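Novice: My questions will all concern the structure given below.
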Amino acid sequence: MNHTQGSKVSIIGAGAVGATTAYALLMRGSARTVALMDINQAKVDAEVLDLAHGSQFTSAASVIGGTDAAVCADSDIIVFTAGAKQKPGQTRLQLAETTVRLAQKVLPDLVDVAPNAIHVLVTNPVDIVTYAALKATGLPPNQVFGSGTVLDSSRLRYLVAQHTGVAVQNVHAYIAGEHGDSQIPLWSSATIGAIPLMNWTPLPGFPEFDQTVRDEIAHEVVHSAYQIIEGKGATNYAIGLATARIVEAVLGDERRILPVSTLATGFHGIGEVCLSLPSVVDRRGCDVRLDTPLSDQEEAGLLSSATTLRGMIEQFGL
Ligand SMILES: O=P(O)(O)OC[C@H]1O[C@](O)(COP(=O)(O)O)[C@@H](O)[C@@H]1O
């Protein structure tokens, strides 16, 4: 049986990320039913209609939408992309607080209508929203995880591919920790094909891949979102594709390794935080993290990222 048969994916939030994720799911034939839910009736109806008008050109799937949680009934996966809009004068922290409260309000109703759904949180600050979602739903940790650094890792792989002149699919490298400024590139375990990236010999016509290049790439991965937001107000395509890929790993029971954000209890004695590490994603969601070897510097960076996240959790009183 094709894993998409009978599968239903609901997306909460019909903004740029939610609508683009729906589009990616339809384009890739990832699910049989895609449901969109948003508080804005006119917006959700318009997005559903626009997506449905393209049905002739995608594999068989239906698109439905509404403002009530009922539209998400019996979902296999719920993707949370809804967020508060930034008000004039509002700080990033205040915005984050409003978003966390929104997730806490909406999620229990979704658990009522789809108790077995796997929840994939995408809204930023994603590690904090994922932690809040775990608490608000009371679901087991395998059933609730965040898109985490899947997107950052794809940005990293793209840049490494550009600098080394190989296909991006042959670059195997992860960003771990916070989906945010304290994230850590795991250079010590990165490979191109089977070759450790730290031992990479440049291909003819391509420059050295040294510490300076690595630092420039790591800086660009962290800052590229700011650059995109400056240019067009939001990032949507790459996160939409990354989320579709996560959804497929769940629906297809793929046991795919992805750096999603999961609950780490007592992480190096830090207490409970949600952060990203390369992990196994399957039909149960995600409850196995790989024991990825870390250099001393990476371990220290990850620890500091976890401390940053724990501080945010405490700030929000979660
Ligand atoms: O470089 P290799 O070993 O040929 O692997 C290529 C494969 O790795 C992938 O890029 C997945 O890589 P990861 O396991 O690092 O996520 C596939 O998309 C691709 O088919």
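Any Cβ shown, glycine's included, is placed from N, Cα and C.
Annotated domain 'Lactate/malate dehydrogenase N-terminal' per TrEMBL: 8-146, in sequence order. Residues or ranges marked as substrate binding site in TrEMBL: Gln86, Arg92, Asn124, Pro125, Val126, Asp127, Asp152, Ser153, Ser154, Arg155, Thr235. Taken from TrEMBL, the feature domain 'Lactate/malate dehydrogenase C-terminal' covers 149-315. As annotated by TrEMBL, beta-D-fructose 1,6-bisphosphate binding site applies to Arg157, His172. Here TrEMBL flags Tyr226 as phosphotyrosine.
Describe the structural context of these features.
Specialist: Taken through DSSP, the domain 'Lactate/malate dehydrogenase N-terminal' (8-146) splits into 69 helix, 26 strand, 44 coil.
Secondary structure from DSSP puts Asp152 (substrate binding site) in a helix.
The number of other CB atoms found within 10 A of the CB of His172 (beta-D-fructose 1,6-bisphosphate binding site), across every protein chain shown, is 17. DSSP gives His172 (beta-D-fructose 1,6-bisphosphate binding site) a strand state.
When Cβ atoms from all protein chains are considered, those within 10 Å of Tyr226 (phosphotyrosine) total 10, not counting its own.
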Novice: Where the distance is taken from Cα to Cα, which of the recorded positions Arg157, His172, Tyr226 turns out closest to Val126 (substrate binding site)?
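Specialist: For Val126 (substrate binding site), the closest Cα among Arg157, His172, Tyr226 is found at Tyr226.
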Novice: Far apart in sequence but close in space: which same-chain residues, 6 or more away, have a Cβ under 8 Å from Asn124 (substrate binding site)?
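Specialist: Counting only residues 6 or more apart in sequence, the Cβ neighbours of Asn124 (substrate binding site) under 8 Å are Gly83, Ala96, Thr99, His179, Gly180.
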Novice: In whole Å, how far is His172 (beta-D-fructose 1,6-bisphosphate binding site) from Asp152 (substrate binding site) when you measure between their Cα atoms?
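Specialist: A Cα-Cα distance of 13 Å.
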Novice: How many other Cβ atoms sit within 10 Å of the Cβ of Val126 (substrate binding site)?
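Specialist: I get 27 for this one.
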Novice: Over all shown protein chains, what is the count of other CB atoms within 10 A of the CB belonging to Ser154 (substrate binding site)?
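Specialist: Result for Ser154 (substrate binding site): 21 other Cβ atoms within 10 Å.
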Novice: Since the record lists Asp152, Arg157, Thr235 as binding-site residues, which of them has the fewest other Cβ atoms within 10 Å of its Cβ?
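Specialist: Across Asp152, Arg157, Thr235, these binding-site residues, the one with fewest Cβ atoms within 10 Å is Thr235.
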Novice: Checking proximity to ligand 1 here: which recorded positions out of Asn124, Asp152, Tyr226 have their Cβ closer than 6 Å to it?
Specialist: none
